[in-house]
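Database features (TrEMBL):
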TRANSMEM  A:12-35  transmembrane segment
TRANSMEM  A:55-78  transmembrane segment
TRANSMEM  A:90-108  transmembrane segment
TRANSMEM  A:114-135  transmembrane segment
TRANSMEM  A:142-163  transmembrane segment
TRANSMEM  A:200-220  transmembrane segment
TRANSMEM  A:232-256  transmembrane segment
TRANSMEM  A:276-293  transmembrane segment
TRANSMEM  A:300-317  transmembrane segment
TRANSMEM  A:329-349  transmembrane segment
Amino acid sequence: MSAGQLPRWVDYGLIPLLNLAAAFLVSGLVVLLIGENPLEAVEILLWGSLGFGEGVGFTLFYATNFIFTGLAVAVAFHAGLFNIGGEGQAYVGGLGVALACLALDQYVPWWVTMPVAVIGAALMGAAWAFIPAWLQAKRGSHVVITTIMFNFIASSLMVYLLVNVMAKPGSMQPETRTFEEGGRLPFLNDLQSWFDFGTAPVNLSLIIALIACVLVWVVIWRTRLGYEIRSFGANATAAVYAGMLPVRIIIVTMLISGGLSGMMALNEIMGSQHRLLIEFVAGYGFVGIAVALMGRAHPVGIVLAAILFGMLYQGGAELSFEKPAITRDMIVVIQGLVILFAGALENLFRPALVRIFTPSRVPAVQAG
Amino acid sequence: MTETAAIELRGVNKSFGAVHANKDIDLLVKKGTIHGIIGENGAGKSTLMSILYGFYQADSGSIHVDGVEVKISDSRQAIGLGIGMVHQHFMLVESFTVLENVILGAEGGARLADGTQRAREELYRLEQDYELKVDPDAIVGELAVGLQQRVEILKALFRGAEILILDEPTGVLTPSEADHLFKILNVLKDQGKTVLLITHKLREIMAITDEVSVMRRGEMVATRKTADTSMSELAELMVGRSVLLEVEKTPAQPKQTVLDVQNLRVTDSRGVRVVKDVSLQVKAGEIVGIAGVSGNGQSELLETLAGIRKADHGIITLAGNTLDLTKVSPDPAEIRGMGLGHVPEDRHRMGLINSFSEYENAILGYHQSEQYSNGWLLDRSAIKQEARDAIEKYDIRPPNPDLKTANFSGGNQQKIVLAREIERDPEVLLVGQPTRGVDIGAIEFIHKRLIELRDQGKGILLVSVELDEIRSLADRIIVMFDGAIVGEREPGADETELGLLMAGVEGERA
């Protein structure tokens with residue numbers, strides 16, 4: 001546990017910032033290589049994501065997706081599980097949202113549909129995580145492998161449903177009919193008047209996401225269940241010694257994780273698209289892994305990381321619009337670099353920082 | 001100069017946080033000798049050797065090899081200087097053959113076959129020179145522990161080691177394997193190699209070393225020629241007082257049986273029967289000690305009684321509840337609920353979650369208890385209050401329940417575990433290695449606390465590899481060998497007799 005030895009502000013502040021700086025440095029070099037000015041690119045990226053109301057709105061809209069998928073990954077992390085299946089769980093979660101909306105939108109107002117849709121999303125997402133969880137708990141099939149495979153299964157299942165079962169009659173589009181008013185979450189622009197988000201689809205899901213953050217924090221750090229989850233993740237042998245049941249912890253944790261992933265569909269389906277359509281998850285599930293890593297699996301960190309990735313998505317779109325030489329694919333490269341440095345290379349700077357900040361506080365476990 | 005120093009350390013210091021693990025260590029090891037370093041657990045022996053082998057860097061001081069000052073910042077450099085190390089826990093790839101393990105990291109060239117051919121010849125030579133016989137094509141995982149250790153020695157020699165460090169090499173060996181090891185070490189010495197033997201066993205020092213250095217609480221307190229010293233002098237130097245720890249206690253007054261184990265049989269994950277038909281009783285108000293060389297089923301016995309391990313067969317009666325383990329597999333929570341406390345042998349692996357704060361660890365295993373819940377939430381103020389009480393009562397330092405347990409010293413960590421298990425007022429307490437890696441002050445405290453618990457009329461089952469600890473604490477001693485109980489003795493029994501029993505040399509059954 002070298003992680004426990006750093007001051008908190010280093011672990012939660014400095015390391016993410018350093019990772020981010022490294023990612024931007026390399027991105028800057030890439031921008032230079034294709035003959036554009038990196039500083040100008042940064043300026044456009046910042047302005048595009050935070051410079052005006054609509055930009056902020058889009059940033060927050062994307063951030064909402066990342067909060068849900070980031071939380072999902074984080075909860076599993078605390079139990080030592082690596083849920084790579086956010087993509088599939090969110091996709092199937094969309095089915096839960098769509099079924100609720102399609103069933104109710106013509107009869108009741110949105111605020112009646114909403115709780116049903118929330119439950120539907122969480123249930124479907126959790127159900128999709130259940131089989132990998134059960135296989136891990138009972139059979140030891142590694143959850144990383146099974147959740148990845150379930151992403152593909154989800155993808156095929158949804159194509160089948162959207163083409164053969166749920167498509168609008170007479171339409172060739174693999175999507176459902178558009179929901180009526182009763183199946184649409186209100187845009188934040190319609191709920192308040194002191195900030196103008198323009199035409200950005202940021203909606204009530206953002207508030208639900210923030211509530212989910214608080215709930216996750218409470219569950220993980222303040223309840224017996226969270227205590228068991230963290231114990232199991234930190235030291236499975238000690239958890240067994242303490243009488244905790246690994247099977248139960250693995251399954252419950254994965255259900256919560258899958259449920260959170262599924263709720264991402266609220267934002268896209270009920271909040272923005274107002275219909276269930278193909279491939280709406282578009283990688284948000286995978287990026288959630290980077291969000292969780294960067295946010296140190298803590299809700300506050302996840303919100304911040306989610307906003308950062310929201311900025312990259314929105315600012316990146318502006319950037320490729322302003323600078324045709326920087327294509328959309330370039331933006332994906334930059335996002336990829338951030339994920340690489342924040343996620344995969346998360347420990348790149350840690351050993352050096354440990355040496356700087358804890359010169360003589362190396363774990364003394366071996367002493368003797 | 002006829003005798004040169006193979007290794008010389010001057011003024012080496014190393015601290016881990018507040019723990020000063022090595023204080024101004026001077027050490028001179030002469031070439032071609034077997035030099036023992038003896039000290040209790042936690043005296044700083046392993047830290048010192050880790051500095052020599054490049055795992056840790058000394059905070060200050062210098063290292064000289066063959067008279068030349070060197071900097072050793074990783075094990076590769078140590079190997080380059082001719083230092084080889086045989087770790088307490090072997091660094092072997094179990095699924096590889098002996099040969100593959102020996103060349104690991106020294107394969108030499110891209111084509112494996114070249115390296116293996118050369119290694120095979122070299123191994124043959126080593127085998128001839130040092131009487132280190134191991135089949136080079138055997139799978140390491142299938143070899144006996146003593147042979148695995150031989151592979152470790154071969155590994156070091158293959159890399160050209162002139163100085164061999166052995167860290168507690170006999171902890172895992174049977175007595176005959178240990179004898180054989182000593183033979184090998186003597187051959188190595190005769191061939192001009194230098195051997196550094198780290199141990200806390202006096203007998204080994206006396207049997208094999210030429211010189212011995214004694215460490216106590218991070219300091220090098222003395223160096224003696226083995227021929228000029230005695231066990232009692234070394235023991236005195238190690239402990240720093242003239243009498244060995246004697247625990248003050250009155251004779252036990254055993255009452256009713258609180259733990260009754262009948263014909264317990266346990267098989268481990270490899271399918272080896274590790275507990276063989278063990279039957280024993282623990283009465284209220286007595287401490288039953290289980291003595292034995294580590295690895296003879298004591299650990300598995302404790303874990304099975306605590307509900308962590310499944311049994312094949314056996315009936316236990318615990319504070320009036322009878323469980324047929326053949327039919328039911330109770331979990332640890334259930335067993336705890338019947339009045340059993342369990343201080344596990346390995347507090348880092350099992351007893352504590354090192355990344356958790358002290359107060360969080362103070363409820364491990366009892367977190368479901370109603371007194372810690374506040375509706376849906378954990379009642380953190382109640383937990384912390386209790387943790388603070390325990391900190392005061394057990395003199396746990398530093399007295400900060402928010403501190404991560406990883407930052408407490410071994411003795412204080414053990415007190416955290418003890419406080420947790422004892423303060424729940426169990427009828428039976430299982431205690432494994434209560435003072436392993438614990439400083440002397442804490443040892444005394446822990447022993448006293450266990451006696452107090454006994455005098456309150458609780459039953460205690462104590463497992464320890466320290467025979468002295470068993471002898472001073474227990475009211476009855478049961479000896480385990482190879483998974484079975486081979487005898488029962490009074491605590492006053494002759495040490496040699498107990499030693500023979502532990503070694504599997506059967507005396508008459510008691």
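Cβ atoms here come from the backbone N, Cα and C positions, even for glycine.
What TrEMBL says about a protein is an automatic prediction, not a curated fact.
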(message) Can you work out which residues elsewhere in the same chain, 6+ from the ends of the transmembrane segment (A:276-293), have a Cβ less than 8 Å from its Cβ atoms?
(response) 65-74, 77, 84-91, 94-95, 97-98, 151, 155, 158-159, 162, 166, 173-176, 261, 264-265, 268-269, 302, 305-306, 309, 335, 338-339, 342-343, 346
(message) Within the same chain, where does the transmembrane segment (A:142-163) have neighbours whose Cβ lies under 8 angstroms from its own Cβ atoms, ignoring anything closer than 6 residues to its ends? I mean 6 or more beyond.
(response) 76, 81-85, 87-89, 91-92, 94-95, 128-129, 131-133, 135-136, 174-176, 250, 254, 276-279, 285
(request) Please work out whether the transmembrane segment (A:200-220) lies in contact with the transmembrane segment (A:12-35), by counting C-beta pairs under 8 angstroms that are 6 or more apart in sequence and asking whether there are at least 3. (result) no
(request) Could you check if the transmembrane segment (A:232-256) is in contact with the transmembrane segment (A:55-78), meaning 3+ Cβ pairs under 8 Å among residue pairs at least 6 apart in sequence? (result) yes
(request) Look over the recorded stretches A:12-35, A:90-108, A:114-135, A:300-317 and say which has the most C-beta pairs under 8 A to the transmembrane segment (A:55-78). (result) A:300-317
(request) Take the transmembrane segment (A:329-349) and find every residue of the same chain, 6 or more past its ends, with a Cβ under 8 Å from one of its Cβ atoms. (result) 15-16, 18-20, 22-24, 26-27, 30-31, 34, 287, 289-290, 293-294, 305, 308-309, 312-313, 316-317, 319-320
